[in-house]
Amino acid sequence: MLEDTQLVWVRDAAEGYIQGRITEIGAKEFEVTPTDRKYPKRTCHFDDIHSSCDGPQDHDDNCELMLLNEATFLDNLKTRYYKDKIYTYVANILIAVNPYREIKELYAPDTIKKYNGRSLGELPPHVFAIADKAIRDMRVYKLSQSIIVSGESGAGKTESTKYLLKYLCYSHDSAGPIETKILDANPVLEAFGNAKTTRNNNSSRFGKFIEVHYDAKCQVVGGYISHYLLEKSRICTQSAEERNYHVFYMLLAGAPQQLRDKLSLGKPDDYRYLSGCTQYFANAKTEQLIPGSQKSKNHQQKGPLKDPIIDDYQHFHNLDKALGRLGLSDTEKLGIYSLVAAVLHLGNIAFEEIPDDVRGGCQVSEASEQSLTITSGLLGVDQTELRTALVSRVMQSKGGGFKGTVIMVPLKIYEASNARDALAKAIYSRLFDRIVGLINQSIPFQASNFYIGVLDIAGFEYFTVNSFEQFCINYCNEKLQKFFNDNILKNEQELYKREGLNVPEITFTDNQDIIELIEAKSNGIFTLLDEESKLPKPSYSHFTAEVHKSWANHYRLGLPRSSRLKAHRTLRDEEGFLVRHFAGAVCYNTEQFIEKNNDALHASLEGLVQECDNPLLQTLFPSGSSTSVRGKLNFISVGSKFKTQLGELMEKLEQNGTNFIRCIKPNSKMIDRQFEGSLALAQLKCSGTISVLELMEHGYPSRVLFADLYSMYKSVLPPELVSLPARTFCEAMFQSLNLSAKDFKFGITKVFFRPGKFVEFDRIMRSDPENMLAIVAKVKKWLIRSRWVKSALGALCVIKLRNRIIYRNKCVLIAQRIARGFLARKQHRPRYQGIGKINKIRTNTLKTIEIASGLKMGREEIISGVNDIYRQIDDAIKKIKMNPRITQREMDSMYTVVMANMNKLTVDLNTKLKEQQQAEEQERLRKIQEALEAERAAKEAEEQRQREEIENKRLKAEMETRRKAAEAQRLRQEEEDRRAALALQEQLEKEAKDDAKYRQQLEQERRDHELALRLANESNGQVEDSPPVIRNGVNDASPMGPNKLIRSENVRAQQQALGKQKYDLSKWKYSELRDAINTSCDIELLEACRQEFHRRLKVYHAWKAKNRKRTTMDENERAPRSVMEAAFKQPPLVQPIQEIVTAQHRYFRIPFMRANAPDNTKRGLWYAHFDGQWIARQMELHADKPPILLVAGTDDMQMCELSLEETGLTRKRGAEILEHEFNREWERNGGKAYKNLGAAKPNGPAAAMQKQQ
């Protein structure tokens, strides 16, 4: 078990992430025990584990999270979702989670007023805050704005768009007639363009860009709606759980009886075009108002569909009123309802074969005669002509006269059915175009300065059967994702580089290759489809084959059998293709691509409706619009038209300021109070929001040019401030407002603000005169104060400089005095020492005279002898003083002669005293002898000390020699590496690109799998594993293992070296490795365990560093930064066993600088004792805290995990110290003595060391 049991987030297939604790460090994975016992223990790769904070997180802006990672991001969304806080920021991007219910007062008029004019971040996140930011940015920057609302189907894009428009129209004043009409457009567009799908009850089946135009005073003056790609196939067919467009059901449920009679309307069961779900949306009240004759059998059995937003009966009346407010008369509204009803009746016209007709023609069935009559009446065409146009078409040959021969070509049943459906689609789609045109006519603008555009377009779609509509929708989403990547990720990072902000680079998946695959001019899918459609006999199988042929080796395009969904693998190669989109792989069935790409009718059918009596239908199909020969099928490319429209939209978005709202679908069942973590996480990843979170950890989303900020204030600046440079003025402004230096950063041309600091930013950018004058006054005050402070500091600096010069002069004199004294002592020290040595004899003679004074006999003789010795001493000293070049040998000879005479005199004295005072003299002589012995012992001790000092100097010199040799070897190795690096640089760059590409492919495979699982759950299908990704000839299913990157040559060589070792420790637990280190006597096993043990420690500490808290100081540094960084400058080496056995103990001491500590406590010392290649003891000394002493075997998690070679300590000058120096500090600070466990391990590693109890 690990001692470090911090909370972590670990990946889970259902919840996204769950909390747990790391209990084991494996060779390649961590073992995590979930805190919730209903989840089993699991082992996961390091990349699937993230640090966790204690306690739940609830932050308005995800950039405020203490730990910024996708797990804490998801947890914050989930926590807020269950608190009904559905909005969250990522910097200035709004994340909106669909609550699937109404939240009280969330969009009330009072809420609109509350957000009016308030800075982003000043109030809780809200869609109104984004709308208000767009208005203020438009006003300040004099630039039109766009709000892009994106997300999956059912994520809440349509509702977010409605509330955005509501705020834009109601925020400043009560809505006038123009604002009311803009808002009335929503129910009309939803009725004709929205439908129930399996994933969304109110799914927009078209895209729209709604522009709200403003004048110079920022008052609404008009609007304009652009729409894209209405899903026409839904008009004729729907799946069992889906419905046609809402307007059909509204008309059947809510139309008055008189209108229903006029339009001959019945119940949904009566119409082939309503063959899907036939239930109405209704609540308890409106259910009673719908006549029973209008209810389908299914509705009567199961009851109505429930939705808090949709009600077919009520919405028909809302639609009728909205059309009236948009300026349509009752006659015009009746014309619209008539065409809607005509489409329903047209769908009921069926065909049957004509008996005995050899040409294979067909006729309208007898049961459909009534539907034919009603349809012709509603369309205003002759019944016979309609019948003829549906079952045949007229063609005109090229020869046989001036105009050629007219030929009546009968149609087969399926051809007639296709013609009928094409007419229905044409009528409805052109009616939709007309309605959008009427809305635009009702909200015209004469003069517009700026506009705010809201983009709501169908989200990424994937079904069991995907056709041309899904292909176009997903292509659009690819373009929007590319715009998001460029606008937020790519361009943002390029701006940071240009401005020199030193923001770490964030990698993201660029989907430009998918867009090129679809829209390339020469061989893009759209181009190939158009070319196929122009052929005399187009074939979808030939088109599909051309797609596969043109893009045979493109990673983004695959065969249907490569899909993970079993249902898709049944398609033949010529029946479809698979595209790996940014959100996941989608398999498209191409059977109807050619038909759906053609937006034209047979000329005979178009001519029929052009000559009708219905005025509205004549408007939809104006005469002269078709220039084709009668009977020929025109070709109008839907794909090319959509691509052109999308290109124009992208140009608009690129010219505008941009705001993003990312809508998130919390669950697939569309119910409230349920949050599926894996589903939400997949959406966040696919939308690029996770990458934005990583970028904004260091990013600055708000910025303004120095020049723009200065020009904004220039008009109110006093004369003394006008001459200031723009940057100087901005710096003075920020200092005067007491803004924290962490909240902003100055670039080369702009000032940038951190996320969540929009209040301060808006405070500066607010252009009202009172605010500007107040800021200018503060700037002036700060400038005056700062100049006085600078003057005072200047004077103080001059005084300090003068004192420094005086101090240096004194230091020079002291240094000179010391140097002269040192030189003199060095020159004369031997003579000083010789004189001192001889003078010691003079001192001994005093005792001799004292003893001789007590003699009764021979006193004069002894004193005479002493005087002779004095003369000898004086003569010797005089000779030494007079002869500067006297040698040590000569001085020793003089000392020996004098000492011999002294000894002789002492012997005589002893002889004379022996008889007189034998006992007393013997005691005195013993003391003299002891003094002489003590002197001799002191002399020997001094000589021993000098020898030890010389030995220590020799050892240090040897250490320095070794260091220099190692340094020279390192320099030579670096030179060799540099030369080799130049040769290998291209190869390494290629490998890096391959690694990045391969990682993207693995991430794409994971997304494909998740998407297939979601689709399989919806359709009760099966998911199969796709073929493994192959890279550089290595299959992921091979022994190399899944998801393994192909490393560089150095790394592969190290892996091979490790693989050849005697012991396989990959399956050993962390605790087993530590026990083996502490107990084993097998040297080879011991070292193998130590290498594996420290390798796992490195991986663990690298993971902790990556997932540390943003505010964490470097209190937990295990070694000085220079030591840790040295490991990245060279590859680790695998040390041979024979070198390990003879490894020696080495000791080091280097300064320890903590970057975040106060200045007075910043410096410390770090001591390390290495037993061979691995650390055995570690000590950290700081003045402000107790010493930290760590011992291997018990404190491994807190100790340096690098090998001695990796630390680079052996190459640091002055870093290595002697054993006694380390032990002296270790024991002084309370450390126990280091012990080896016996002779079995003479140079034992850390396992042989125990921390004494």
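Just so you know, glycine gets a Cβ as well, placed from its N, Cα and C.
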Have a look at 367-386, 647-666, 927-946 and point to the one annotated region 'Actin-binding' in Swiss-Prot.
647-666
Name them in sequence order: residues not among G151, E152, S153, G154, A155, G156, K157, T158 whose Cβ is within 8 Å of the mean position of the Cβ atoms defining the ATP site.
N98, N200, S203, G459, C663, K665
Does DSSP give E152 (ATP binding site) helix, strand or coil?
coil
Where DSSP helix means H, G or I and strand means E or B, what are the helix, strand and coil counts for the domain 'Myosin N-terminal SH3-like' (3-54)?
3 helix, 29 strand, 20 coil
Quick test of the contact rule: Cβ under 8 Å, at least six residues beyond the ends. What residues does that give for the domain 'IQ' (808-837)?
877, 880-881, 884, 886, 888, 891-892, 894-895
Can you count helix, strand and coil residues in the region 'Actin-binding' (647-666) using DSSP?
9 helix, 8 strand, 3 coil
Surrounding CB atoms that lie within 10 Å of the CB of G156 (ATP binding site), all protein chains:
25
Name the residues of the same chain, 6+ apart in sequence, whose Cβ is under 8 Å from the Cβ of T158 (ATP binding site)?
E190, N194, N202, S203, S204, D456
How do the residues of the domain 'IQ' (808-837) split into helix, strand and coil according to DSSP?
30 helix, 0 strand, 0 coil
